[in-house]
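**Q** Structure incoming, see below.
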Protein chains: 2
Amino acid sequence: MDIAKLREAHPDHWMRAAAIRTLTLDAVAAANSGHSGMPMGMADVATVLFKNHLKFDASAPLWADRDRFILSAGHGSMLVYSLLYLTGYEEMPMEQIKNFRQTGAKTAGHPENFLLDGVETTTGPLGQGIANAVGFAMAEESLRARFGAKLQNHFTYCIAGDGCLMEGVSQEAIALAGRQKLGKLVVFWDNNNITIDGTVDLSDRTNQPMRFKSAGWHVQEIDGHDPEAIDAAIEAAKKSKKPSMIACKTHIAIGHAKQDTSKGHGALTDAAELKATKEAYGAPLGAFEVDAKVKGEWEAIGAQGRGARADWQARFDEQSERRQAEFNRVFAGDAPKKLSAVIKAFKKQISDEQPKMATRSSSQKVLEVVNPIMPETFGGSADLTGSNNTLTEGLGTFDETNRKGRYVYYGIREHGMAAAMNGLALHGGVRPYGGTFFCFTDYARGAMRLSALMRIPVTYVMTHDSIGLGEDGPTHQPVEHLAICRATPNTVTMRPCDTVETAEAWEIALTSQTSPSVLVLTRQGLPTLRTEHKNKNMVASGAYVLAEAEGKRQAIIVATGSEVSLAMEAREILQAEGIGTRVVSMPSMELFAEQDESYRRQVLPAGPVRVGVEAALRAGGWDRWLLGERGRESKQAFVGMTGFGSSAPAEELYEKYGITTANIVAQVKALL
Amino acid sequence: MDIAKLREAHPDHWMRAAAIRTLTLDAVAAANSGHSGMPMGMADVATVLFKNHLKFDASAPLWADRDRFILSAGHGSMLVYSLLYLTGYEEMPMEQIKNFRQTGAKTAGHPENFLLDGVETTTGPLGQGIANAVGFAMAEESLRARFGAKLQNHFTYCIAGDGCLMEGVSQEAIALAGRQKLGKLVVFWDNNNITIDGTVDLSDRTNQPMRFKSAGWHVQEIDGHDPEAIDAAIEAAKKSKKPSMIACKTHIAIGHAKQDTSKGHGALTDAAELKATKEAYGAPLGAFEVDAKVKGEWEAIGAQGRGARADWQARFDEQSERRQAEFNRVFAGDAPKKLSAVIKAFKKQISDEQPKMATRSSSQKVLEVVNPIMPETFGGSADLTGSNNTLTEGLGTFDETNRKGRYVYYGIREHGMAAAMNGLALHGGVRPYGGTFFCFTDYARGAMRLSALMRIPVTYVMTHDSIGLGEDGPTHQPVEHLAICRATPNTVTMRPCDTVETAEAWEIALTSQTSPSVLVLTRQGLPTLRTEHKNKNMVASGAYVLAEAEGKRQAIIVATGSEVSLAMEAREILQAEGIGTRVVSMPSMELFAEQDESYRRQVLPAGPVRVGVEAALRAGGWDRWLLGERGRESKQAFVGMTGFGSSAPAEELYEKYGITTANIVAQVKALL
């Protein structure tokens, strides 16, 4: 690489980009850990983007109409941190750069949105960022349609590496973006031909431009070190009505001895090589030093959006008070005030009418009263709309012909859907929910974990939640998925037993600010068990006494979802035989675990025998509630699954696996 | 659709295909459940494939050199079942067809390999089959290189639907197949333009032929109802040196009132419509009736491979006895006899030398002695070769220039790798293992579950197994993944504490016949704790007493993997203070749970206080061993993680989260 020639051609640009490169080298060397090569390779693209295109104001990282900049290749985190430092984000003083990857620093190994406002999304697991970006771009289209271009009108830029493009989730994202004609989405492919194992062709020979074109994208190929070419390409991308991919031919770790090698991908810490690299750059500075002139130029870039933001603010201030409040409400993620009353009224009606229905249908009933009063809900399904019951009348299909539509046909793309929903939630202004079969949380898992880690209120509508799915068989019957969701930190898993609990679960999901929710819903019909109306949201306590023992309390049956009605039937039989039996409905183990001990003791007192019932594995958290919490090994049992299910009608499967009223009764008696 | 014209054009072909269609309609109607449209739409393709191309013998479903036929669109299971019945597989009498989707039948809702020899792989979760097929084709290439074309020389055919192609895993598979130039792989795309939610363009407008071309495939587009076109396309596909995709324009539920609609995708059960469809087909037969002539033709097709199989057998019989035995051994999945001795010798050497190393390096050391004596091992990594330590000297890179290579650079494709490994294992003759970071089991999860369900011995080499990964931060630090793997039925999760346990874990993985293994390995160095050589495989018992209490046994510390050495240090301190402390190493909860109660009681007797230690969440199965198994709530504690980790050097993280010797000691004392 002829660095000298690059320097000469665009000296000011070069020095600005070099500041990113030297900060990266210094931070990685100090941490003795990290990834130097990618920020070095993409510094030119980022510099041109930030200087000439990105609409942002470093003093207002949360400005609602900023352009979004997403680093899908999250290992190159020093690119983001350098940019935030150079442009003058308050959260990013030099101290943070110096503490890259250290305890307590905001400069984590990979960018983490919950540590830094300047980071739009948490990346590192490859392919997620580009799939998030699709969600960001969808949110922008939706909000522009709702609030007008005066308030929402921005681009979403994303840098993706070879790793991102090899991950399957990227294909789901690319195809979805192409279908949706997301014209304000621009993806830069860092085409450096290097992965950890070697050159890309060791594992991949995809013609990426052709691949993107096949999905309906606008594609350009440029020299990623030529600022003029970069600028022109971004200009053209912005004009295209299709999503745009700019293939940027770059040199990983440019100018360094490890340039264009796998070693250049990782931590470049050799002091002599580092020094030589800085010299080649024409920036022979000490560690963490940035030329004052260059820093000044970058700070000016950080400030150049101030005018645009002031104009935006002026436009915002011209809006009616009501419109302003609504805009602020949806961006704050606050539920409308009347949600609570609507849910209560719905619950009361259900307790009166006592319908028998599958909780997936209950969920739709809830959405039918919620969606009209929460214009920020943004629903969808991974091609199971009729099965997930996620669509309500009047939502309208979101597509290129109707950006006011609030329902997305995500296609058979669970992972892409979940990652897009993450982007939608991160963008702000919309509240996404999406459905698939509960078993296919497997496919979405990579993104579901990130919903939790990123602390965003995405709602997963997971139907067909057990062997109750029946004939489709074990490939479609979740048994371990409750265990998976419950084991994931900061994820609220709720398995309601009837329509009333489903409404309460939705209320929790719709008012959540920092946790994703997983609604685990049945295919099969269930009776209404909450026949006595209560204003209080009982699901919020995680577990509660649904039916008290009559006479001496000898047994407690703890059940969730579709098995609560079995527990109630078992109670009838036991009570008839004089065995005082309490039924505890436990829709959410996580929420119950958060209650104080006195409440938990009230619900699960010492003494009575305990039987847990759930059409899933005991590994889904049951040991704590049966053996622990004042339980005793010799006085407990579990009725549920012990392995994979099988293909047969649902009722027969319940019999086959012994998840029956008779077995619950037998288990209780055996313990007494 | 002009059915009459199709019938006239190829009357014999038509009636053969119609038999598939009518059986499908009858079986789905009887079950009142299932998917009619896909088998109806693809019956022509399947008929031509089976009649003119597929090398198989219905009387020998496990013939090692048969062509493999994979239905990636598994919901169309009646296509497979019809073909098996019609061609005369013994396992598929009419009784099975009549019991489609019923309790105890082999005709499960989706094809299940473990129920039927004639089913190559379990499909239903979309995209898996096409990704399995890549593994099948790789196995064939590898075995052809090893045993010669006389013994291995077959095609792998796969039918994929729109759903398969939308799933991200298909992109990983397609790109891998293109890179690997798997010329003997032929994929039929059932291009019927229908998904459950509507026409495909509702969610996707990908130019699929262009997409496949971009990945290096040979692509043809045909009328999927024209037998001549189908035949010619297969002929051309077989000649191509690239993997081939044949886009078959078809009509879902052809000839039925619901043709070309989403309703046609599901269960078509209306009696009048069914009757009308059969009439249109010219096959106005009763339920489950097949014209005797047509059945005869199909049975002849089922028998036409008999000669080829006899020829193959003759060629096989000409091989040396040793070669025959070796071929049979690897297809039976039996480990070589000397494996046991090699592992023992290795263990002895390690116990003598007592190296300190990360268990990922231990794993490589084991592979270094195993790979030379097990020519069936077939390794790889999702672009983390140097980090996963999965490559050993002399394996050679498997690619189009070297089919004898036994190491695959899978690229950044965890899901595709796992699904390909499933295909490799299902094919037989090779024993696949592959590595990635443990956290990215999230990406591979869809296929990992299927390894377990399908009962195949795939080995997952999962390194960087905790916060011990350090600076990369919470996106890369598993905390819930042990819970996930342990909750998955029929999956043996092993987290060895040192090199000796790692060798024992590998021995279990390499001799497994019906379970996948997950090896959970550290990034960071660990001391050798098994310093006294034992021939016995201690990991096989799941947990065992690593160090007995001296004096009165007051405490038991149970730990896994990297935390066992902390437990040993804590024991030292406690013993010095006169507190008799046993250390139990528990590398595999699943294997320990399988032991009889007397052994479990021996390891975990009632009485002493118990402290569990694992740098992961308690939800990973700990409640059972601490609260249950004679444990008591007031006499136990857990030292581990309570949520996501963070980015910092590993040692600091262990301190931060209290996973330290000092804390273990403190917990024990607090309980006493």
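Every residue number used here counts from 1 along the chain in the order it is shown.
Placed from the backbone N, Cα and C atoms, the Cβ positions cover glycine too.
No curator has checked TrEMBL annotations; they are predicted automatically.
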**Q** If I go by TrEMBL, which of A:ASP162, A:ASP204, A:ASP223 binds Mg(2+) at the same site as A:ASN192, A:ILE194?
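**A** So, going by the record in TrEMBL, that would be A:ASP162.
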**Q** Pick the one from A:HIS265, A:HIS533 that TrEMBL also lists for the thiamine diphosphate site with A:HIS75, A:GLY124, A:PRO125, A:LEU126, A:GLY163, A:ASN192, A:PHE440.
**A** A:HIS265
**Q** Do you know which of A:ARG360, A:ARG413, A:ARG445 TrEMBL groups with A:HIS35, A:HIS265, A:SER387, A:HIS464, A:ASP472, A:HIS476, A:ARG523 in the substrate site?
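**A** Between A:ARG360, A:ARG413, A:ARG445, TrEMBL records just one in the substrate site with A:HIS35, A:HIS265, A:SER387, A:HIS464, A:ASP472, A:HIS476, A:ARG523, namely A:ARG360.
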**Q** Is any of the binding-site residues A:ASP162, A:ASN192, A:ILE194, A:HIS265, A:ARG360, A:HIS464 near chain B, in the sense of a CB under 8 A from one of its CBs, and if so which?
**A** A:ASP162
**Q** Validating a neighbour-count step here. Other CB atoms within 10 A of the CB of A:GLU414 (active site, proton donor): how many?
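**A** The Cβ of A:GLU414 (active site, proton donor) has 34 Cβ neighbours within 10 Å.
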**Q** Setting A:ASP162, A:ASN192, A:ILE194 aside, what same-chain residues sit with their Cβ within 8 Å of the center of the Cβ atoms that define the Mg(2+) site, listed in sequence order?
**A** A:GLY41, A:GLY161, A:ASP190, A:ASN191, A:ASN193, A:THR195, A:THR199, A:VAL200, A:THR250, A:ILE252, A:HIS265
**Q** Measuring Cα to Cα across A:HIS35, A:HIS265, A:ARG360, A:SER387, A:HIS464, A:ASP472, A:HIS476, A:ARG523, which the record gives as the substrate binders, how far apart are the two most distant ones in Å?
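**A** Farthest-apart Cα atoms in A:HIS35, A:HIS265, A:ARG360, A:SER387, A:HIS464, A:ASP472, A:HIS476, A:ARG523 are separated by 48 Å.
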**Q** Given the recorded positions A:HIS35, A:ASP162, A:ILE194, A:GLU414, which lie close to A:HIS265 (substrate binding site), meaning Cα to Cα within 10 A?
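**A** Cα within 10 Å of A:HIS265 (substrate binding site): A:HIS35, A:ILE194.
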**Q** Measuring Cα to Cα, how many angstrom lie between A:HIS35 (site 'Important for catalytic activity') and A:SER387 (substrate binding site)?
**A** 44
**Q** Calculate the distance in Å between the alpha carbons (Cα) of A:ILE194 (Mg(2+) binding site) and A:GLU414 (active site, proton donor), and round it to a whole number.
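**A** A:ILE194 (Mg(2+) binding site) and A:GLU414 (active site, proton donor) have their Cα atoms 29 Å apart.
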**Q** Between A:HIS476 (substrate binding site) and A:ASN192 (Mg(2+) binding site), find the distance joining the two CA atoms and give it rounded to the nearest Å.
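**A** Here the two Cα atoms lie 40 Å apart.
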**Q** Taking Cα atoms as reference points, rank the recorded positions A:ASP162, A:ASN192, A:GLU414 by distance from A:ASP472 (substrate binding site) and give the first.
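**A** Going through A:ASP162, A:ASN192, A:GLU414 one by one, the closest to A:ASP472 (substrate binding site) is A:GLU414.
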**Q** Suppose we draw a 10 Å sphere around the Cβ of A:ASN192 (Mg(2+) binding site). How many other Cβ atoms does it contain, all chains included?
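**A** Its Cβ has 28 other Cβ atoms within 10 Å.
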**Q** Closest to A:ASN192 (Mg(2+) binding site): which of the recorded positions A:ARG360, A:SER387, A:GLU414, A:ARG523, going by Cα position?
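**A** Among A:ARG360, A:SER387, A:GLU414, A:ARG523, A:GLU414.
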**Q** State the count of C-beta atoms found within 10 angstroms of the C-beta of A:ASP162 (Mg(2+) binding site), not counting that atom itself.
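**A** Here the count is 26.
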**Q** Give the number of CB atoms, excluding that of A:HIS35 (site 'Important for catalytic activity') itself, located within 10 Å of its CB.
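**A** Here the count is 27.
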